[in-house]
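TrEMBL annotations:
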type: DOMAIN; residues: 63-358; note: domain 'D-isomer specific 2-hydroxyacid dehydrogenase catalytic'
type: BINDING; residues: 120, 144; note: substrate binding site
type: BINDING; residues: 145, 199-200, 219, 254-258, 280, 306, 330-333; note: NAD(+) binding site
type: DOMAIN; residues: 156-332; note: domain 'D-isomer specific 2-hydroxyacid dehydrogenase NAD-binding'
type: SITE; residues: 282; note: site 'Important for catalytic activity'
type: SITE; residues: 330; note: site 'Important for catalytic activity'
């Protein structure tokens, strides 16, 4: 009997050991890089897009045996992110506090299989290197399009109406109506052009229609004729021909090698003198110094946006100090509503990844060595 019990115990131990080995083999190391909330972390239970909120998926991941590390420390050889690059399986990043995933980092990441963007825009990743390494790159397409389009409309109105000097007067105890009114205009009747008419660009055009503007758009593809007619927007195939027609120009194109530095000194010179420019796309689409110089000269009457290069912007970034700007940190796509949407999208893709299932096709940026069309 004792021998039988000993043999039975050995079988049980082997089974348990095999199960433990199976669990360990199936366990994934997941690293998330988000901005830190600090004192604001507890002010809203739905504030999930920060380090402390961790997308609201910590308990779910750890209950399945996965190892989840979250940090805001992303730069340099001694950063927290760098410590985990060699053995992580999944990296979750965000455009609002981007971890720059270079070819060098990809080469070090021996176990890396999946790069997820919590939000929209994966240009902080070296996409050709990711494709060459056989990695999957995906983002939560559509998760913050409404958020960004609303913010663009806000910045257009702030700049066209010359709102910020009035606000500053109130804060500083001043009162000078002329100091505001001499360069405040109505939006109605103005020509507004968007460079890019994807999901965000189309939403912006729809929101601008009630303002009775003359709407133009430039894109590599013309939008659906029915929608174009409904919005009342006109397609401009030649970007350089569209620019001098516009009182307001909004940048809504992704950052690619073709669009990097697209708006340099020469292209800005083609814009109408006194133009308003809003850019919530990516900072590197613009030539930084050319924008600052054009604002100083008055060629650009106002520049607004929430995207910089690099991010976070250094304290000496010239856009901080140029006149007539409406710049903020990268906030347009990280409203609480957007956070909940992209957190849910990340969880869904992780669940599919664990099960070996495909993601929604529109979420793929790199799949099986191929880049999505907008990045080609």
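Backbone N, Cα and C define each Cβ position, glycine as well.
What you are looking at is a predicted structure, and each value in this text was computed from that prediction instead of being measured.
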- Tell me, roughly as an integer, the mean pLDDT over the domain 'D-isomer specific 2-hydroxyacid dehydrogenase catalytic' (63-358). 97
- Note on the structure: Lowest 10 Å Cβ neighbour count of the binding-site residues 144, 145, 256 is held by 256
- Among the binding-site residues 120, 254, 306, report those whose Cα falls within 10 Å of that of residue 282 (site 'Important for catalytic activity'); none is a fine answer. 254, 306
- Note on the structure: residue 120 (substrate binding site) sits from residue 145 (NAD(+) binding site) (Cα to Cα, rounded, in Å) at a distance of 8
- Message: Quick check: of the binding-site residues listed here (258, 306, 331), which one has the Cα closest to that of residue 144 (substrate binding site)?
- Response: 331
- Measuring Cα to Cα, tell me the gap between residue 256 (NAD(+) binding site) and residue 330 (site 'Important for catalytic activity') in whole angstrom. 19
- Which chain-mates of residue 331 (NAD(+) binding site) that are at least 6 residues away have a CB under 8 A from its CB, listed by sequence? 96, 151, 306
- Query: How many Å separate the Cα atoms of residue 333 (NAD(+) binding site) and residue 120 (substrate binding site)?
  - Reply: 8
- Message: Say we define neighbours as other CB atoms within 10 Å of the CB. Which of the recorded positions 258, 282, 330 has the fewest?
- Response: 258
- Query: Which entry in the list of binding-site residues, 254, 333, has its Cβ near the fewest other Cβ atoms, using 10 Å as the limit?
  - Reply: 254
- Lowest local Cβ density among 120, 200, which the record lists as binding-site residues, within 10 Å: 120
- Message: I'd like the number of other C-beta atoms within 10 A of the C-beta of residue 306 (NAD(+) binding site), please.
- Response: 24
- Note on the structure: Rounded Cα distance, in Å, between residue 330 (site 'Important for catalytic activity') and residue 200 (NAD(+) binding site) is 16
